[in-house]
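*Asks:* From Swiss-Prot, here are the annotated features:
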SIGNAL    1-17  signal peptide
BINDING   41-65  NAD(+) binding site
BINDING   SER178  substrate binding site
ACT_SITE  TYR191  active site, proton acceptor
Amino acid sequence: MAVPSVMVLPLLIVVFAGVYYVYNEVMRFMSKSVVRNKVVVITDAVSGMGSECARLFHAGGARLVLCGPSWDKLESLYDSLCSGSDPSQTFTPKLVLLDFSDMENISDVVSEICECYGCVDVLICNSSMKVKAPVQNLSLEMDKTIMDVNYFGPITLAKGVLPLMITRRTGQFVLVNSIQGKLALPFRTCYAASKHAVQAFFDCLRAEVEEFGISVSTISHTFINAGAENATPTEATPITATPTKATPTNPIWAYVCSKLNTHGVSPQILAQEIVRSVNRQSREVFLAHPVPTVALYIRALMPGCFFSVVSAGVRDGAMAEQLK
């Protein structure tokens, strides 16, 4: 009996939905089986994204080493994970106090992390510090602090665990970076510079360690769209927030502004992408909506056009305030 043509589209939708559901279930099962018994180190685990990531890996049976700058928040996350899990299916997380802004003690912390289980299977570098201000208002000390947290801290930790991975000829680095590691915007000089630097380091590392069976994944995302995911306080800058909602006069920037607050990524989505990247050993993931994606291509293919548009946005007073 022939299927009426009017039923073809609904049937295709049902079939597609079923395949999509089965695919997601299979991938979720594979993700859990891949991370089970793996030693996973998460930096800044107390952030919104870090805690979501910790929950997913903990539920998957990973042996977690949770790092963060606040012991109280680490203990709170520890209690949350342990109270909502089956002890027979999960491992008790280990906690390590880690503050990349204090580089003097970083070598001791790296040793403590390595001694937790004697090995590291997955290192997730999630720590980040943000600052937005005109370059003339940023001190050199602030530049150094940003570089410590966003660059020197992660690479010091990576170098510390690398010998363990080389000895075992297995391991994975996951860098949770920012779109500004590929696309620099005004009023974010030191932040964008640190993100470009750490991106370059892990890109180079990927080629160097592949022969040892070690993989490197970088995840570049737009801003994290969640109230709990606030930037780490930096310093009091002379920039004063303006309550005005003036619209940029440049039509291109007016469109961009209308998308700035709607094109973020949630901590939950980002954490799920990290688990998938570990499962698939993805080399590079770009987690962004169309506007920043198009901007990235314009920057690569038509740099002159990109620079002109960005400069026009800075000259536009309303746009400059929103960029800040």
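The first residue you see is number 1, and the count goes up from there.
Using the three backbone atoms N, Cα and C, a Cβ is placed for every residue, glycine included.
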*Asks:* Expressed to the nearest Å, what is the distance separating GLY61 (NAD(+) binding site) and the residue listed as 'active site, proton acceptor' at their Cα atoms?
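*Replies:* With distance taken Cα to Cα, the residue listed as 'active site, proton acceptor' is 35 Å from GLY61 (NAD(+) binding site).
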*Asks:* How long is the line from the C-alpha of the residue listed as 'substrate binding site' to the C-alpha of TYR191 (active site, proton acceptor), rounded to the nearest angstrom?
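*Replies:* Between the alpha carbons of the residue listed as 'substrate binding site' and TYR191 (active site, proton acceptor) there are 10 Å.
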*Asks:* How would DSSP class the residue listed as 'substrate binding site' in three states?
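*Replies:* The three-state answer is strand.
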*Asks:* Given the recorded positions PHE57, TYR191, and counting only Cβ atoms in the protein chains shown, which has the most within 10 Å of its Cβ?
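*Replies:* By the 10 Å Cβ neighbour count, PHE57 comes out on top.
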*Asks:* Only counting partners 6 or more residues apart, tell me which same-chain residues put their Cβ under 8 Å from the Cβ of CYS53 (NAD(+) binding site).
*Replies:* ILE42, ALA45, ILE124, ASN126, LEU270, ALA271, ILE274, VAL275
*Asks:* Would you mind checking how many other C-beta atoms are within 10 angstroms of the C-beta on the residue listed as 'substrate binding site'?
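*Replies:* Other Cβ atoms within 10 Å of the residue listed as 'substrate binding site': 25.
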*Asks:* Just checking, which of VAL41, VAL65 (binding-site residues) has the fewest C-beta atoms within 10 Å of its C-beta?
*Replies:* VAL65
*Asks:* Look at the binding-site residues ALA45, MET49 and tell me which residue has the greatest number of other C-beta atoms within 10 angstroms of its C-beta.
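*Replies:* When each Cβ's neighbours within 10 Å are tallied, ALA45 tops the list.
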*Asks:* Please report how many Å separate the Cα atom of VAL65 (NAD(+) binding site) from that of TYR191 (active site, proton acceptor), as a whole number.
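*Replies:* Between the Cα atoms of VAL65 (NAD(+) binding site) and TYR191 (active site, proton acceptor), the distance comes to 27 Å.
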*Asks:* Report, as a single number, how many Cβ atoms besides its own are within 10 Å of the Cβ of GLY61 (NAD(+) binding site).
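*Replies:* 18, counting other Cβ atoms within 10 Å of GLY61 (NAD(+) binding site).
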